[in-house]
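Residues or ranges marked as compositional bias 'Basic and acidic residues' by TrEMBL: 37-54. Taken from TrEMBL, the feature domain 'TFIID subunit TAF5 NTD2' covers 76-204. Residues or ranges marked as region 'Disordered' in TrEMBL: 37-60. The repeat 'WD' annotation in TrEMBL covers 353-395, 396-437, 438-479, 480-521, 522-563.
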C-alpha cells in the first residue's frame with residue numbers, strides 16, 4: 001500500500017516537473033528573460049480570492065506617493081541632461097494653465113539633478129550641466145543658490161554646505177490641480193524619463209489643490225525656489241487663465257500644435273530605369289498629372305501619371321519635319337497633312353519631343369496647367385512646347401552659351417533663365433527676346449528661383465555665391481556668401497522669409513532674407529545636393545542629391561551650441577535612402593506628400 005502511494009507521488013512530481021520544463025522552454029523560445037518567467041508560486045492552479053485582490057491592487061497602485069525609485073542616476077550623465085532638457089521643454093511649451101502651475105518645478109529638479117551628479121563623482125558633467133541650464137533661472141533667489149552650487153566641487157562640499165543641507169532636507173512642495181498633476185505624470189511615465197521620475201518621487205512633494213482655491217504656504221528656506229510669492233501667484237495667474245473664452249483657448253491650442261515638430265511626410269518616389277540616354281533632370285506638373293524627363297540625347301519624354309493615355313490633337317504642320325518639294329511628287333498637300341494627323345488616333349503612354357540640338361538640362365511645366373512645357377538646352381535656347389499637339393511652339397534666343405536652368409513665376413507672366421555665360425535673363429512668353437539681363441556673377445549661373453511675391457529672383461553660381469535680385473530694377477539686393485562650392489539648388493519658403501541653398505559643398509544653408517544672415521547650416525549629406533523643397537507651412541525642408549538619400553530637416557528647431565558639433569545636424573528629422581537613385585527633383589504637394597524623382601545609377 002505504501003509503495004503504491006509513493007509511486008503515485010513520484011509520478012505526480014515528475015509530471016509537474018515535465019510541465020514546468022515545457023513551459024520554461026516555451027518562454028525561452030519566445031526570448032523571455034528569467035525574471036520575466038513565472039515563478040513556481042505563480043504556477044499554483046488555485047489562489048484565494050483575497051490573494052488575487054491584494055496582488056491586483058498592489059500592481060495597480062501607481063500614484064506618486066508609492067512609486068519606488070529603483071534605478072540609479074549614477075550611470076549615464078548624458079541621459080540625465082537629455083531628460084532634464086525634455087522636461088524643461090515640456091513645461092515651457094505647455095499651454096495654460098499647466099505652464100503657470102508647473103513652472104516652479106524646474107528649479108528644484110535642476111538643483112537635485114546637479115547635486116546627484118556631483119555626489120556620484122561626476123564633477124565635470126555636473127559643471128557642464130550647471131553652465132548649460134543655469135541661464136534659464138534669472139530670479140534673484142535662484143541666482144544666490146546657483147552661486148552656492150557653482151562653488152561645490154566634491155561630495156564632501158555638498159554634505160557640509162548649510163544651504164545645500166537645508167535645501168535637501170526640506171522637500172519642495174508643488175501645489176497643482178489634479179488635472180495638472182495627471183498631465184505631468186503622463187509625460188514622466190511615457191518615453192525615456194525614468195531618471196526625472198525618480199528625482200520627482202524622491203525630492204518633490206505634491207499638494208493637490210482645487211482650481212481657484214487659495215494655498216497655505218509652509219515655511220521654506222530662503223534659498224529654495226518655491227518662495228511664497230511664487231506659490232501665491234498660482235491663484236492669481238491660474239484663475240484668470242481659466243476664465244478665457246473658448247475661442248482664445250482654441251487659438252492657444254492651435255498655436256501649441258503648430259509649434260510642435262513637423263510631421264514626417266509620405267514620400268512618393270519616381271525612379272527612371274534603363275536611362276541609357278542619360279537623364280539630366282525631371283519635373284512634375286503642379287496638377288500632378290504629368291512627369292517629364294530631359295536627356296542628353298536632346299530628347300524630352302513626358303509621361304501621364306493618370307491611367308489615361310497621352311493623346312495628340314490635330315495640327316496644321318509638323319515642325320519636327322521639313323517638307324520639301326519632292327514630297328509633293330506622289331501626293332498633294334492635303335494628303336501629306338492627312339498622313340501627319342494619322343498619329344492623332346494613336347494614343348501612347350509616352351510623348352517624345354524633339355527639337356533641341358544638344359543635351360536638354362531642365363524642363364518646367366507652366367504653373368496653372370500641364371498643357372505647356374518649357375525646356376532649356378546646351379544649344380543656348382529655351383523652347384516652349386504645346387503638349388496638346390506635342391510640337392514646339394516658340395524658340396527663345398538670347399543667351400550666348402548653354403542654358404543650365406529656368407523657372408516660371410506663379411502668375412505665368414514671366415520666366416527666368418540662367419546660363420554658362422554668367423548671366424540670368426528675364427522673359428515673357430509673347431516675346432522671343434529677353435526683357436532684362438542680370439549681370440554680377442563671375443562664373444556660371446547654375447540655378448534660378450522666383451520669390452513667392454514674384455518681385456525678386458535668386459540665383460546660385462559656380463562663384464560660390466547666391467544673389468538676390470530686384471526683378472524690376474535689375475540690381476542685387478542681397479549678396480549671400482558662405483558656400484565652399486558651386487550652388488546648384490535653391491528654394492524659397494512659401495512665407496517668403498527664408499531661402500535655402502545647397503550644392504557641391506554638401507551643406508544646406510538657410511538664409512534670413514530680412515537680414516541676409518545664415519540661420520541654419522545643415523550637415524548630413526555625403527555628396528552633392530541637387531534639389532531642395534519647403535513644405536507648405538515653411539517648417540520642413542527636404543533635400544536630396546548624389547548620395548541617393550532624401551533628408552528632412554526641422555527648420556524651426558532651436559539648437560544649442562553644444563548640440564551642433566556632430567557629423568549630422570540635430571535638425572535632421574529623418575533620412576530616407578533610395579536604391580542608388582540620384583535625386584534630381586523634390587516638391588511638396590497638398591496633404592503632406594513629398595514627390596521625388598531621379599534616375600537609377
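Each residue, glycine too, has its Cβ placed from N, Cα and C.
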Residues from the same chain, set at least six apart from the ends of the repeat 'WD' (480-521), whose C-beta lies under 8 A from its own: 444, 446-453, 458-462, 464-468, 527-534, 536-538, 541, 543, 545, 553, 555, 569, 571
Helix, strand and coil counts within the repeat 'WD' (522-563) (DSSP): 3 helix, 19 strand, 20 coil
Structural state census, the repeat 'WD' (396-437) (DSSP three-state): 0 helix, 22 strand, 20 coil
Averaged pLDDT score, the repeat 'WD' (396-437): 92
